[in-house]
Amino acid sequence: MLIKLLTKVFGSRNDRTLRRMRKVVNIINAMEPEIEKLSDEELKGKTAEFRARLEKGEVLENLIPEAFAVVREASKRVFGMRHFDVQLLGGMVLNERCIAEMRTGEGKTLTATLPAYLNALTGKGVHVVTVNDYLAQRDAENNRPLFEFLGLTVGINLPGMPAPAKREAYAADITYGTNNEYGFDYLRDNMAFSPEERVQRKLHYALVDEVDSILIDEARTPLIISGPAEDSSEMYKRVNKIIPHLIRQEKEDSETFQGEGHFSVDEKSRQVNLTERGLVLIEELLVKEGIMDEGESLYSPANIMLMHHVTAALRAHALFTRDVDYIVKDGEVIIVDEHTGRTMQGRRWSDGLHQAVEAKEGVQIQNENQTLASITFQNYFRLYEKLAGMTGTADTEAFEFSSIYKLDTVVVPTNRPMIRKDLPDLVYMTEAEKIQAIIEDIKERTAKGQPVLVGTISIEKSELVSNELTKAGIKHNVLNAKFHANEAAIVAQAGYPAAVTIATNMAGRGTDIVLGGSWQAEVAALENPTAEQIEKIKADWQVRHDAVLAAGGLHIIGTERHESRRIDNQLRGRSGRQGDAGSSRFYLSMEDALMRIFASDRVSGMMRKLGMKPGEAIEHPWVTKAIANAQRKVESRNFDIRKQLLEYDDVANDQRRAIYSQRNELLDVSDVSETINSIREDVFKATIDAYIPPQSLEEMWDIPGLQERLKNDFDLDLPIAEWLDKEPELHEETLRERILAQSIEVYQRKEEVVGAEMMRHFEKGVMLQTLDSLWKEHLAAMDYLRQGIHLRGYAQKDPKQEYKRESFSMFAAMLESLKYEVISTLSKVQVRMPEEVEELEQQRRMEAERLAQMQQLSHQDDDSAAAAALAAQTGERKVGRNDPCPCGSGKKYKQCHGRLQ
């Protein structure tokens, strides 16, 4: 009560921020008459003038009024569109490292041009981040004329582009692209083998469109670049055959309870656990299939990988549903993003889950992957010097934006008052009753010419509603991940009188639904439209537009509540744009996932008490409150998951930044010999210490062990025992110095043979490859540590502290291994004069030809073409990575001269 009173007197923080910014808007408006007088060339020249002022030390913030006035004037001349005052407010919010909440239809794309132009003046680059390639391309092409008019360059960063094209896109003043592509480019740059392969510049300013979708919904999904691990597809197929024999454990109070099942499912945490009965049965089935030996336990350490396969298969069958979590297209399992409803081509679940789903669906199983590099969106976007974002729904997540990204949320007022009617939820007992009520509502609305958008939470549900509408004879369009190719066309015409559109969450974010349909889309469909045709299309559209407004505007129907209130608000936000009329209503049933998992007992008890009849709906503030509480519970749980993920990833992030910083320094220098010499001293000191403890008696020395170690690991055959016999006065310190001097001398002789330049190149390559290889192993080890660390809680230890402690020890051990591996590899390298290599290669060829002739003689009855092909293969075969190296070292090619390929 007191807080409300104080807010009334002093205004909220949001009000105070907007009040301060409105003063700047007044200054911009006052400048407008002067800016209007400038010629096109003078307006364009302002960009160079602003840049010159920045170079002289002027602060960027001082340029805001004039820069925004210039962009507004340029927009009037290029697009015929003038930024509203609220858009100027939005632009200022975005320049202040804040999240701007701007309602649907308020022109976020045009608003973004203001801070993008201002920050591009620094010459450090601006990254505009969108949720998909279509929006990146559309926004870049739409805004390109404006930016180019002002003398700025625009780049588009799309998946699959060659490195030179990407480099060019990043070199532009303003770059448009998707969150995934920016993140993957960052990881790829940190796996490059030469400075020329890198594409990104220093991360300066990111302007994130649909910021809630990217920084919150996708925050639990790390970006991973992976390489193939060993093939275990056969095991997934064999385990998959067993799972249908298991019965799910139902709750004791449920109608389907029939005694103890074989596995229980926790839908909240999305986990599956075997019961005692299930363990006995699955062990019997595994023995019967010949996968496990009689008498063995599934939980024995030897069967840890088998347990991994069983868990993955159980999760695939019990928790992941076709056309909800994934679709099968062209023999491939493609993930469907739970938040946007879009397919995620190229993305795969980890921990063997994707392979288990492939086995379940009977499609080709692709190899498991090993992580080569990974980063979460949370940590990637925190790398930018300056971060800002905009969305139609941010206020519900303001606390998370503030606590994780240190970004304040500012709600920007609408240009015209919002007049949409949000009707109370209707709750039914069963799904069938709910669907029937939705069909009746659609019939009523379309009869009076009102367009309807039906929002569903999955592809499966959208197809269920579509089938019911078809049975009822109602014409409609379906927009989901299966039919997303014509997304823009469907959304553009969803505002037609009596149009019915069914959409998953993808519901055309970034595309406005215009009442009466889009006249621009109709004009674009004509090849060479005349002025008369365009005028007629506009006139027809105006009639339709007025008819839809008279019917009540766009009506939104939600077929069930989403886990997050924000995503429900996004669906509602498709209606009532720019002060238009509109309405919305959510239809729920006790069989909906949210109600079943989080709100079922209380609400169903309430409904039973009210004595509801089939087909009747409940509409009561208590029910609405119970649903809102359920959503808050889920949001709170998801926030905790994301926060915990970030706390663990922060540990890995510190290590990642250290490794990537070291790697980039290594890439940028051409001579690493000083580093190598320093490392060599450390490695030899540690190696000798293991066999000759410092300041110890000679009796404690293990000379044979040291000689063997130096021979095996550093290719140094030193007669240390002989030295000690001949020189009894040889001290420990002198001995250490002699061993190190010998190793340096041997190395220098190799350098003389190949030349200093070649040796420097080789040293750098070995360091990079060894670093990448050990970092990859370290990531896998960190992943294993992370999966089991929660068990430390049972020993009264804090899992997070334990994770920090152990991961630091692992990181320190990895750095020691790096030094050792580099010196060992460089010491073992065999160098020969070019003539010797040529001679060895000649001998190898002759031997190969001799073998080929012998094979031909032993297969004289074979088809001559096959024999010739065999001879060609054997005679001119390239050196395989696991073949002996042709230099004669006796090592595998990949560990010798093939290391740099």
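Keep in mind that glycine also has a Cβ here, set from the backbone N, Cα and C atoms.
In the record from Swiss-Prot, residues Q87, G105, E106, G107, K108, T109 bind ATP; the candidate from D425, D441, D512 listed for the same site is D512. Swiss-Prot assigns the feature region 'Disordered' to residues 859-901, out of the candidate ranges 214-256, 859-901. In the three-state DSSP scheme, K108 (ATP binding site) falls into the helix class.
Counting other Cβ atoms within 10 Å of each Cβ, the binding-site residues Q87, T109 show the lowest value at T109. The Cβ of D512 (ATP binding site) has 19 other Cβ atoms within 10 Å, all protein chains considered.
Looking at the residues that bind ATP per the record, Q87, G105, E106, G107, K108, T109, D512, the two CA atoms farthest apart are separated by 17 Å. The ATP site, placed at the center of the C-beta atoms of Q87, G105, E106, G107, K108, T109, D512, has further neighbours from the same chain whose C-beta lies within 8 angstroms: M102, T104, L110, T111. Of all Cβ atoms in the protein chains displayed, 24 besides its own lie within 10 Å of the Cβ of E106 (ATP binding site).
Around G107 (ATP binding site), a 10 Å sphere centred on its CB holds 19 further CB atoms from the protein chains shown.
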